[in-house]
């Protein structure tokens, strides 16, 4: 617990600072924008690339016998730094943004959702291919007490291939030997299209409500608070899971099959819903089916809570399934 304390103390400080700046703004109508900023930050912790990056780094450091407790925190700080810097810069361009807000909302909203949806579908399909390969290795290893060297190398190759940005920045992970080394990689992840669109949204929200600079600064701080909390919890969860998973080679591959399968489901599910909502809105489609109507009006800010629960349920489910069905393979 002592090893986690500095990171969670920093997270508490971010929450306190964000709330203090928010209340100093003294504008009740600004609270909705602040809540949105916090949820946008929390949402990022469940992105396929965030999960893959933190997971791969923790696995790498754990295998090397090094401290991996701060991976999730430093990654989120790198990503959040982009948001904080760009929000401050955006404050000086508010006049231009106000003038072009109608155009940005019309074009940016549609294009942003389409790009995000297609991006998630591509990620989901790529990870689905990796999942199938992992399942093949798992089936082959049923009769063995341990995985062969070739199988271990193939597993490592597959696991480090998850996530699109993760693939692009893969060479940089060779330089990560301490938790804080992930900070610049998190910064590079923060330069993505979705983060840029969210920065614009935060800046425009501040401008529309005519909040002070102090109030505007509360948004990226709350964004960082939400992201750092869930990224750090993700890291803690992954570290605990790997402590269990690395005790035997079969547990290791079984655990990664469970996590990869869940990542595939989330990416495809969210990607399809985003595309469905854009198409149905632009074509003015009306549905009688209750499920389709629910999907059409689904709020993604609420989805983050469901994903947290889904990850916990999936891990517990896979753990008990292992105990019931596969633990005999270790004997």
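For all residues, glycine too, the Cβ spot is worked out from N, Cα and C.
Record features (Swiss-Prot):
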TOPO_DOM  1-5  topological domain 'Cytoplasmic'
TOPO_DOM  27-33  topological domain 'Periplasmic'
TOPO_DOM  55-66  topological domain 'Cytoplasmic'
TOPO_DOM  88-113  topological domain 'Periplasmic'
TOPO_DOM  136-178  topological domain 'Cytoplasmic'
TOPO_DOM  200-225  topological domain 'Periplasmic'
TOPO_DOM  247-252  topological domain 'Cytoplasmic'
TOPO_DOM  274-302  topological domain 'Periplasmic'
TOPO_DOM  323-331  topological domain 'Cytoplasmic'
TRANSMEM  6-26  transmembrane segment
TRANSMEM  34-54  transmembrane segment
TRANSMEM  67-87  transmembrane segment
TRANSMEM  114-135  transmembrane segment
TRANSMEM  179-199  transmembrane segment
TRANSMEM  226-246  transmembrane segment
TRANSMEM  253-273  transmembrane segment
TRANSMEM  303-322  transmembrane segment
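If you average pLDDT over the topological domain 'Periplasmic' (200-225) in this model, you get 73. According to DSSP, the topological domain 'Periplasmic' (27-33) comprises 6 helix, 0 strand, 1 coil. When each of 6-26, 67-87, 226-246 is scored by its Cβ pairs under 8 Å to the transmembrane segment (34-54), the top-ranked stretch turns out to be 226-246. Using a Cβ-Cβ cut-off under 8 Å and counting only residues 6 or more beyond its ends in the same chain, the topological domain 'Cytoplasmic' (1-5) has close neighbours at 67, 69, 236.
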